[in-house]
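**Q** These came from TrEMBL, pasted as-is:
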{"type": "DOMAIN", "residues": "A:81-287", "note": "domain 'ABC transmembrane type-1'"}
{"type": "TRANSMEM", "residues": "A:20-40", "note": "transmembrane segment"}
{"type": "TRANSMEM", "residues": "A:87-108", "note": "transmembrane segment"}
{"type": "TRANSMEM", "residues": "A:114-133", "note": "transmembrane segment"}
{"type": "TRANSMEM", "residues": "A:170-189", "note": "transmembrane segment"}
{"type": "TRANSMEM", "residues": "A:210-232", "note": "transmembrane segment"}
{"type": "TRANSMEM", "residues": "A:268-288", "note": "transmembrane segment"}
Amino acid sequence: MSAGQGQANRTSWSLAAPALALLLIGSIGPLLIVLVYSFMTPGDYSGVQRPFTTQAWEQVFLTRDIFDDTLGWADAHMTIFWRSVKLSVLTAVITFLLGLPTAWFIATRPPDRRALWLFLITIPFWTNLLIRTIAINEIIRNEGLLNQVLLKLGVIGAPLQILYTDTAVLIGMAYVYLPMMVLPMYAAIDRFDTRLLEAAYDLFANRWQALWHVVLPVIRPGILAGSILVFVPSLGAYVTPRVLGGGKNMMIGNFIELQFGQGQNWPLGAALAVLLLIAVGLALTVYVRVLGGAGRADG
Amino acid sequence: MAERRFDPTRLPGFATVAVAVFVLLYLPIATLVAYSFNGGDSVAVWGGFSLDWYGRAWANETVKAAALRSVVIAACASALATTLATLAAVGVVRNRRMKGRAVVYMAINQPLMVPEIVTAVALLIFFASVRQFTGYQGLGYLIAAHAAFCVPFAYLPISARLEGMDATLEAAAADLYATPRQAFRHVTLPLLTPGIIAGAMLAFVISLDDVVITEFVKSAGQDTLPTYMLAQMRRGVSPEVNAISTMLLMVTVVLLTAFFIINKQTNRGKQ
């Protein structure tokens, strides 16, 4: 390496240093403290104390019977993990089913009108997530628009209790994360060269073969990116399940909060937070791997 | 040909779903805005058009204080994040062979990858200790936390602008005996300004909208508008929350429209 490059590197690092320092204080450093806290003992009122122990991590999965001291699966925790994963996967599936036609539609508009359709997707994307959640609440609550319309039409005799159920959380998450699915899929479809289809037909492909072997490989990175952009925030969702799920239908994000509030078990909360972080990390790793694999297959 | 060809621009089912999706995207927001103008006291019945709830929200001292706090935090956090992001972008973007470039890139984008709830509890833990140690109780914690998660949003348009900029202009300034500082001040910075404004606006909107991290970092009496609304939602819907939402919505839409216009002009400038 030349002396000039060494000097340039020092300049680069010193210019980046203030931003890195801010991120160290406001994000990265505290995350490391969480890891440490997950190996400590709950404090008498709140916080943590020594000794260091793996107790919190055991508690995440196992529960000790108060009578005969045997270990069993922590069923309540498993229910919450399962609900989080299930709702996140379903959110990704629903947003995909609705998002693919939408992305396709936008990408195939005439260029002069495409920007407007895109803008219409972008506005909800940038609108406060809490406001969008409150807006869904307006629709599905017992006196809300949906129930009023269904009652008027005589489809139902009494208002449907949707609010404060898993369905409400699912509807809410699908609503708030839909733009995250549409935007990357649009970007992928937009890159698709329609002449490839003509080539496929010239080579005697039928419609499904063309769709499967020509269209899908090209838009697959967009589908993957959209799925991960929906799945990851769904898994860590806090606001939507809190507002639409009520107190009972917790997801892991709300369960973490509980440990720092009423639960007064900071180590368990910290361990759950690390677990969530690991889950998200795994999802992102799988994504990068699959994308890398797809890239090689295309190349 | 017996079989019909697959024409990507003509998939009738797709267009129907797409239009339905657009309706579904906007219907709830439109309903919320409409209900904020509802004159009746009941949340179920339409009682005629009225600005009553806006008046009540406006007269509510708690709401006013929360709104002011939101703006102060967003202004401070976006100014800090944008300044630091600009410095980092100037340092990193042009130095393609920089050692550890990937590390800096990862660190800057890290807030986008970690779930907000995890960062929120991490900050709760960390700032609880700092509070105990220093005794300081002010808005500094919220500003620092907001500034940190705003960095990637400020960095994005600034680095994009830098990458699109002609590096030879800076070289020309150097040839004309400008010091690196002069070249930055008189060549780089003016050209970079649209990116910086765009970055600051994004950071401002992101900070203004934050719920989760604020909810965990704030101490008693430090509610922002979103955390105030979240607390109100515990008691179910209220037309007042709808009115506040509508006002916040307006601010976001205005800022974003301005952002897109600036961005469009910037891109036009490049061509």
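Note: Cβ is positioned from N, Cα and C throughout, glycine not excepted.
Each of these features: where is it, how hidden is it, and who are its neighbours?
**A** Away from its own ends, the transmembrane segment (A:20-40) comes close to residues 48-54, 56-57, 266-267, 270-271, 273-274, 277 of its chain (Cβ-Cβ under 8 Å, at least six residues beyond either end).
Beyond the ends of the transmembrane segment (A:87-108), by six or more residues, the same chain brings 114, 117-118, 121, 166, 169-170, 173-174, 177-178, 180-183, 185-186, 188-190, 192, 222-223, 226-227, 230-231, 234-235, 237, 251 to within a C-beta distance below 8 angstroms of the stretch.
Taking Cβ pairs closer than 8 Å, the transmembrane segment (A:114-133) reaches residues 102, 105-107, 172, 175-176, 178-180, 182-183, 186, 239-240, 243-244 in its own chain, all 6 or more past its ends.
Long-range Cβ contacts of the transmembrane segment (A:170-189) within its own chain (Cβ-Cβ under 8 Å, at least 6 residues beyond either end) map to 87-88, 90-92, 94-96, 98-100, 102-104, 106-108, 118, 121-122, 124-125, 129, 132-133, 136-137, 140, 162, 218-223, 225-227, 229-230, 233-234, 237, 240-241, 243-244.
Beyond its flanks by at least six residues, the transmembrane segment (A:210-232) meets 88-89, 91-92, 95-96, 99-100, 103, 177, 180-189, 191-192, 196-197, 200-201, 280, 283-284, 287, 290-291, 294, 297-298 of its own chain at Cβ-Cβ distances under 8 Å.
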